[in-house]
Amino acid sequence: MQADFFAKKRRNSIGFFAILAAITVGAIIITEYDIVKGFESLPRAVTWALGNFYPTQESLVKLPDILSSLIETLLVSIAATSIGAVFALFFALMGSNTTRVNAFFGSISRAIATLFRNIDVAAWALILLFSFGQSSLTGYFALFFGSFGFLTRAFVETIDEVSGGSVEALRATGANYASIIFQSVIPSSVPQMLSWVLFMIETNIRSATLIGLLTGSGIGFTFNLYYKSLNYDIASLVVVTIIISILLIESISNYVRRVIL
Amino acid sequence: MEANEQVVSGEPMLESPSKPIKIKILTKSTIAIRITLLALAFLTVYAFFSFDYKEIDFGEAILATFANIKAMFFEAHFNHFTFTHAFYQVLITLGLAFLTTIFGAIIAVFLGLLAAENLTSKRVSAVIKGIVAFIRAVPTVLWVLIFAVAAGLGSVAAVIGMTFHSVSYLVKAYSESFEELDNGVIEALQASGASFWQIIFQAVIPSSLTYMISWTFLRFEINFAVAVAMGAAAGAGGIGFDMFMASNFYLDIREIGTITYFILAIAILLEVFATKFKKKLRVNG
């Protein structure tokens with residue numbers, strides 16, 4: 001009996017790894033990925049980076065330009081996240097099983113959020129590029145749509161998790177819808193929601209770099225400009241400023257999270 | 001969003017009943033929440049004043065966007081490629097995402113073991129976690145572009161650059177789930193003379209396998225989106241590259257609609273599959 005159990009377990013895990021290996025081989029063939037080249041290029045990239053990819057004295061001249069586009073990118077990400085959060089709060093209240101008005105609106109708001117969440121921000125950026133051109137607004141709206149979709153899902157989960165019992169209790173006392181929402185649901189889920197918003201800001205700053213590359217604005221564009229013109233020292237300075245700002249924002253939000261949760 | 005914490009303190013019971021019961025108390029966390037909300041509101045307002053609008057007529061652009069989205073979704077067509085070509089490109093993107101996830105997972109298991117405080121020393125754990133935080137701070141697209149200088153634009157640079165980010169993400173997730181393991185289990189195995197690897201494979205990994213699989217699958221979903229973006233931004237191939245061409249060279253919004261449908265279908269399929277898979281794991285585990 002026990003021997004059977006272990007034999008079956010082994011058979012199962014061997015089968016699982018065999019399937020994984022088969023898919024890996026298939027993926028390597030279809031993407032034309034060269035394993036040898038992959039391993040070869042790793043040390044080559046490291047030696048190249050150590051030799052060329054560091055900021056020099058001359059590149060510091062460009063620092064004010066870089067900082068101004070970095071601040072633009074940071075502001076775009078923060079504004080997109082907070083406006084996205086306001087919309088997401090409304091849609092989450094409509095979509096959550098505990099607070100929705102009726103099942104019809106509930107499934108509609110969930111469907112809208114699913115649609116926005118599953119179209120990647122890069123795709124949104126390319127779509128919005130048609131009407132907004134190379135302005136900050138392209139990146140802003142792309143990040144806004146992405147954050148809205150993601151935060152709606154996160155907020156719905158938060159509301160369901162935090163306020164099941166208290167909503168029922170308040171409803172039993174005869175409280176109306178508005179007071180249930182403002183006195184119970186929102187106060188009890190604000191810390192968790194804020195934590196999600198901070199997470200989204202961190203993610204958005206990274207995505208903003210990518211969007212900048214695609215749409216020609218912000219810090220991504222600055223990086224691309226120097227990268228394409230082979231000014232690797234200035235490009236590396238851009239990377240360093242991005243790293244510092246992301247680590248800074250991560251530590252601020254970790255601190256806030258520790259205090260509020 | 002008002003953030004009034006309702007904390008009913010035990011004190012008022014002892015006070016004279018004529019005083020109103022104080023139900024709003026400023027705790028440290030309430031203050032932190034208010035400051036954070038105010039800061040976000042202020043930065044958002046400031047951001048709208050500082051944006052580089054480049055003389056865009058806002059209303060007109062919004063209307064144009066609606067018209068574009070309508071054209072995109074309702075008049076989607078194939079122009080520069082066929083259905084089979086698009087399907088093949090989606091497979092390439094999925095392949096890139098899969099390779100990145102599997103390479104990332106293998107490396108992350110070992111680094112995650114080193115980064116778990118209860119399995120190694122505090123110092124080793126701090127060093128690994130620091131390196132991982134640094135890697136995570138650099139956006140994926142920059143990793144890909146940096147590797148592209150050495151390896152050339154293409155799938156090799158994309159897979160290696162994306163793997164970097166997957167490793168750092170998964171190391172964090174794995175090491176946190178390893179750290180949740182009860183110390184007593186490790187001590188009991190050590191006392192019975194089990195070697196380090198026996199402890200890892202008989203206690204640590206089996207107990208966190210469910211978590212590891214669901215995190216890895218979540219990363220696969222993220223990697224699919226990242227692979228689309230890398231195709232567009234770093235020439236990694238796949239459906240993302242077609243999307244970039246349709247947007248920047250052919251200026252064909254209807255073709256972008258077709259590609260968006262493909263991406264949407266795969267993303268929703270993955271999400272449904274992940275939910276089903278997680279439910280099954282929970283039942284078995």
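Glycine too: its Cβ is placed from the backbone N, Cα and C atoms.
Just so it is clear, the model here is predicted, and its values are computed rather than measured.
Annotation comment: TrEMBL describes B:31-49 (among others) as transmembrane segment.
Residues 78, 124-125, 128-129, 132, 155, 158-159, 162-163, 165-167, 169-171, 173-175, 178-179, 200, 204-205, 212, 216, 219-220, 223-224, 226-228, 230-231, 236-242, 258-259, 262-263, 266 of the same chain sit 6 or more residues outside the transmembrane segment (B:86-116) yet have a Cβ under 8 Å from a Cβ within it. The transmembrane segment annotation in TrEMBL covers B:86-116 (among others).
Residues or ranges marked as domain 'ABC transmembrane type-1' in TrEMBL: B:90-274.
For the transmembrane segment (B:137-164), the residues of the chain that approach it from at least six positions outside its boundaries are 96, 99-100, 103-104, 107, 223, 226-227, 229-231, 233-237, judged by C-beta separation under 8 angstroms. According to TrEMBL, the feature transmembrane segment maps to B:137-164 (among others).
Residues annotated as transmembrane segment in TrEMBL: B:199-218 (among others). With a threshold of 8 Å between CB atoms, the same-chain residues lying at least 6 positions outside the transmembrane segment (B:199-218) that come near it are 101, 105, 109, 113, 116, 119, 170, 173-174, 177-178, 180-181, 185-186, 189-190, 274, 277-278, 281-282, 285.
If you look at the transmembrane segment (B:225-250), the same-chain residues 6 or more away from its ends with a CB under 8 A from one of its CBs are 79-81, 86, 89-90, 92-94, 96-97, 100, 140-141, 144-145, 148, 153-155, 157-158, 161-162, 165, 256, 259-260, 262-263, 267. What TrEMBL lists as transmembrane segment is B:225-250 (among others).
Positions annotated as transmembrane segment by TrEMBL: B:256-274 (among others). With a cut-off of 8 Å between Cβ atoms, the residues of this chain six or more beyond the transmembrane segment (B:256-274) that come close are 71-73, 75-78, 86-87, 90, 94, 214, 217-218, 220-221, 224-225, 228, 239, 242-243, 246-247.
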